[in-house]
Amino acid sequence: MDPKKVEGGSMSSDGDIGAVMGFSGFGKKARTFDLDAIFEQTRRTAIERSQHVLEERLREASVDEQGESSKSLKQSTYSQKNKKASARQKDDSESDASSDSEVIGPPIPSQSAAQEQEDDELVGPPLPPGYTGSTADSDDEDEDTQDDDDDNPVKKIPDTHEITLQHGTKTVSALALDPSGARLVTGGYDYDVRFWDFAGMDQALQAFRSLQPCECHQIKTLQYSITGDVILVISGSAQAKVLDRDGFNVMECIKGDQYIVDMANTKGHTAMLNCGDWHPKMKEEFMTCSNDGTVRTWDVKSEKTHKSVFKPRSFQGKKVVPTCCTYSRDGKLIAAGCQDGSIQIWDRNLSVHTKFHCRQAHTPGSDTSCLAFSYDGTTLASRGGDDTLKTWDIRNFRKPVHVATGLTNYFSMTDCCFSPDDKLLVTGTSVRKDEGSGKLVFFDRLSFQRVYDIEVTNASVVRCLWHPKLNQIMAGTANGLVKVYYDPVKSHRGAKLCVVKSKRKEKHAETLTQDYIITPHALPMFREARQRSTRKQLEKDRLDPRKSHKPEPPVSGPGRGGRVAAHGGTLSSFIVKNIALDKTDDSNPREAILRHAKEAMENPYWVAPAYKKTQPEPMFAEESEEDEEAEKEPEWKKRKI
């Protein structure tokens, strides 16, 4: 048997089967495409078109400049160059078609090639032939202007935009941002602690949680730990609290025995707290200071007793109340500002003697409201109750480096803080009610000149915070507001996340839902159908014409459509309404009746004509002297009827 015939028969049979089953191209071989050949053909076509366009442009330019004679010469020489370049490119493409580094497009002009040899870092199109300036000079000028912007710290202040968070109506005395800048916590004189989530807020700017962790005690200080998982709450009570991110209680410090004289022998504070701070390196340790004259360090895991006690002393060795406290940036030093105007600094591991001590840092008797270390750890800023702001060098702690005066301070927790680049120092000013505006004041750290002011509101600025990661400034005021200042370009996340979200629409359809009464022992015919979900029930009620019927407005003017007009819509209803409103009250009902007696006697109409013959003449009692005397008696002597 011939194999070709057999193969031909099988092919025809396959074609018949494909026709019967509806397949197209059944048994045929699929087409194959050589992608490398297609790309190579496309590239060559693009090169030829680009050469053609470039030749036409050069031809037109040569006609305008030198005339017909020079045009033919340039065209021939340039066409020869192009032919050589195209031949060279064809040889290169044939030798290494898969190389990614080969040049695609028209050949490089001689002018641009020369410029590339002169300056390899030049990026962009070739310069025009008439340009004589140098790119190096322009680059140097741009770098100089950029350096000027970097050297001027005022231009880095993010104050172009602001949002306002309404904490309440009383003073915002505490502010805290977690290390990532996602959540803000505010506390105030109204005992409330409010939680704000920038990623979850919209333009309504509402707090997602509000609580009173310390009942009827004002909030003094709030601060997140270095990991951001717990919050330290310092209030007017003697016991500090630690909350988690959602506001639930983690620990509460123990209260000391107030009948023991030596405060080092008690396990906790015995008087009102003033301030607190987390350790910058150890996430379990924090510090508190109190009116009992001690500064104590605590461990989150052991709430029954403190870790160590620091007792500030005056020059005479007497007890002094610390009003603020803080850790250094490395956590090795503990600083406290006291009521006698002194600033005392201890080594964290040595609680007996101070390492640095300045007796006359501020005016004695004034509350030092804040101490803040710079990010490099060498400078300490102190905000005093004597309306001053001072900076101190830790290496030479005898006298301040700079002093700024005239900064009014009415609060014992007015803040000061450094900018993220350590070039500026920020604090708030206080004002009396309706006597001006509270300001955020910016000082240059080196020259200590007042370089910038921000008018916040018509109340005192108590708390201020400049977050290094967000590059946003928060300010708490005495009228219950929290101002957040940011720049869309210089700032990151934070307030920028919530201002772009529109307000959520309220669901008015929720009022249509009815209460579901559970009757497990009722007969099936009287049992209500179980509600699967509120959303489905709302959709069902929306389709019900009775439940979703909109109430009709009151009728104005005469009644129509079977409805009676409202009162006053017609003349008759207006008259009836006015008659009903006429409620004259006569003081003496007897006189009110008898004033119609004369008219009834002269012109009898109803009763008198019927009984004219039988009715006797009316006789009225005459007033006696006793009645007159009784009327003259005081009210408390008159007989009560």
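Just so it is clear, glycine is given a Cβ too, placed from its N, Cα and C backbone atoms.
Unlike curated entries, TrEMBL annotations are predicted automatically.
According to TrEMBL, the features are:
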- 69-80: compositional bias 'Polar residues' (COMPBIAS)
- 137-151: compositional bias 'Acidic residues' (COMPBIAS)
- 152-163: compositional bias 'Basic and acidic residues' (COMPBIAS)
- 529-552: compositional bias 'Basic and acidic residues' (COMPBIAS)
- 620-632: compositional bias 'Acidic residues' (COMPBIAS)
- 1-23: region 'Disordered' (REGION)
- 58-163: region 'Disordered' (REGION)
- 529-567: region 'Disordered' (REGION)
- 616-641: region 'Disordered' (REGION)
- 165-197: repeat 'WD' (REPEAT)
- 266-308: repeat 'WD' (REPEAT)
- 315-347: repeat 'WD' (REPEAT)
- 371-396: repeat 'WD' (REPEAT)
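Residue counts for the repeat 'WD' (266-308) under DSSP (helix as H, G, I; strand as E, B; rest coil) come to 0 helix, 19 strand, 24 coil. For the compositional bias 'Basic and acidic residues' (152-163), residue counts in helix, strand and coil come to 4 helix, 3 strand, 5 coil, using DSSP.
Along the repeat 'WD' (266-308), the predicted structure has mean pLDDT 89. Counting residues 6+ beyond its ends, the repeat 'WD' (266-308) has Cβ neighbours under 8 Å at 220-221, 223-227, 229-230, 232, 234-240, 242, 250-258, 260, 319-331, 334, 336, 348, 351, 412-413 in the same chain. For the compositional bias 'Acidic residues' (620-632), the DSSP counts in helix, strand and coil order read 8 helix, 0 strand, 5 coil. DSSP assignment over the repeat 'WD' (165-197) gives 0 helix, 19 strand, 14 coil.
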